[in-house]
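Worksheet: the structure to be examined is printed underneath.
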Amino acid sequence: MSNVCTIAWIYGRVQGVGFRYTTQHEAQRLGLTGYAKNMDDGSVEVVACGDEAQVEKLIKWLKEGGPRSARVDKILTEPHSPHETLTDFSIRY
């Protein structure tokens, strides 16, 4: 498999419920780099880079609702070319 980067915007009850923290934990478990960031519109932006199959697993996990305390109503994804080198998976503020 090849390495890819995907950017996702997750909408629903995804802020104030530990969404970024649990996304970081899941991404690290899958060996991915990138970040999770709360957006002003109430969504969460996630950039995930790594092995294509592992990125797909994270996106599937996000679509299934992520952490139990969250409620995902909609997720949009597209290929992404980061403007920086991502060496780990972080929470951004």
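Just so it is clear, glycine is given a Cβ too, placed from its N, Cα and C backbone atoms.
Quick look at what Swiss-Prot lists:
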DOMAIN    5-93  domain 'Acylphosphatase-like'
DISULFID  CYS5-CYS49  disulfide bond
ACT_SITE  ARG20  active site
ACT_SITE  ASN38  active site
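Known features from Swiss-Prot, placed on the structure.
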residue : record         : DSSP (3 states)
CYS5    : disulfide bond : strand
ARG20   : active site    : helix
ASN38   : active site    : strand
CYS49   : disulfide bond : strand
On the 0 to 100 scale, where does the mean pLDDT of the domain 'Acylphosphatase-like' (5-93) fall? 96
If you measure from the Cα of ARG20 (active site), which of the recorded positions CYS5, ASN38, CYS49 is the nearest? ASN38
Cβ density check for ASN38 (active site), other Cβ within 10 Å (all protein chains) comes to 17
